[in-house]
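What TrEMBL shows for this protein is this:
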- 81-270: domain 'ABC transmembrane type-1' (DOMAIN)
- 16-38: transmembrane segment (TRANSMEM)
- 85-109: transmembrane segment (TRANSMEM)
- 116-137: transmembrane segment (TRANSMEM)
- 149-170: transmembrane segment (TRANSMEM)
- 191-214: transmembrane segment (TRANSMEM)
- 252-270: transmembrane segment (TRANSMEM)
Amino acid sequence: MNTHRTPTPRARLGRVLLTTLAVLTALAFLLPVLWLIASTFRTSTQTFADSGSIGWHTLWPRDFTLDNLASAWDNGFARNLANSVIVAAVTVVAGIGISALAAFSLAVIDFPGRKLVFGLVVLSFLVPFEAIAIPLARTFSDWNLTNTITALVLPGLGNGLAVFILRQFFLGIPGELVEAARMDGAGWLRIFARIHLPLARPALIGTGLILFLFQWQAYLWPILVTTNDRDDLAPVSIAKTFNAFSTDYGRVFAETAVLAVIPAIILLALQRHFVTSIASTGSKD
């Protein structure tokens with residue numbers, strides 16, 4: 001017996017309308033990005049020539065050139081991009097370790113004040129970083145940490161959102177596994193390394209992506225704790241390209257495109273793990 005039901009004309013029309021709406025919404029988000037990438041390869045005279053209307057040359061340069069990328073390279077953007085890569089990498093590696101240990105303690109180990117500590121962790125990522133950035137920068141200056149990688153990395157290590165996500169994931173791991181390991185004489189660190197870390201791979205990758213994105217797009221904090229152009233991160237370097245008299249927009253677009261493409265590629269490659277980590281943050285006791 002065939003139970004397949006043929007969609008009614010009304011259902012087909014609704015599906016077509018929803019698909020059309022989804023495509024138009026995607027184009028609305030993609031067009032500015034595609035225009036930015038195309039502008040990277042435009043000559044200086046054509047930078048804004050086709051921005052008034054949407055056409056073929058909006059997304060494809062009339063005259064293809066690599067001068068904007070060469071200008072970015074000649075002005076030291078590669079060095080600033082390398083600074084961003086190093087700072088982001090150190091933050092991700094150290095941040096995952098610290099966040100995972102904190103999350104494990106809050107999810108598995110029953111100690112006095114655990115709920116209070118978790119409440120403070122949640123509060124930490126609800127308070128805007130901008131509210132504490134200036135006094136924190138003053139403290140770092142008093143500690144002689146200005147223009148150091150320590151100053152750039154340290155605030156990113158205590159990420160409350162990362163701890164929250166990992167804690168919620170760890171709460172989903174059966175407690176029987178922990179009890180069995182404890183009965184076999186395993187300590188907390190061994191349980192953490194042998195049970196929770198291997199099972200939490202998707203959450204760890206998702207947490208790493210969050211730490212990476214927070215650090216990759218950071219602007220306010222790096223500009224507060226760095227005073228040398230050589231120590232600037234890529235977003236700060238791009239901002240310094242603008243001035244009151246003239247701005248090389250081709251160079252700005254080239255640097256911005258490079259800065260945007262790198263996390264886009266990483267997110268596309270690891271999006272499944274990112275979605276899994278976010279989905280694991282549902283309410284758990």
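Yeah, the Cβs are placed from backbone N, Cα and C, and that goes for glycine too.
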Taking residues 6+ outside the transmembrane segment (16-38), which of them lie with a CB under 8 Å of any CB in it?
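Distant Cβ neighbours of the transmembrane segment (16-38) are 51, 54, 58-61, 253, 256-257, 260-261.
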Looking at the stretches 116-137, 149-170, 191-214, 252-270, which one shares the most CB pairs under 8 Å with the transmembrane segment (85-109)?
149-170
I'm a bit unsure how to read this: which one of 116-137, 191-214, 252-270 has the highest number of Cβ pairs shorter than 8 Å with the transmembrane segment (149-170)?
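The stretch with the most contacts is 191-214.
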May I ask for the residues of the chain that lie six or more residues beyond the transmembrane segment (252-270) and have a Cβ under 8 Å from a Cβ within it?
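Sequence-remote neighbours of the transmembrane segment (252-270) are 33, 36-37, 39-40, 47, 68-69, 71-72, 77, 81, 84, 205-206, 209, 212-213, 216, 234-235, 237-238, 241-242.
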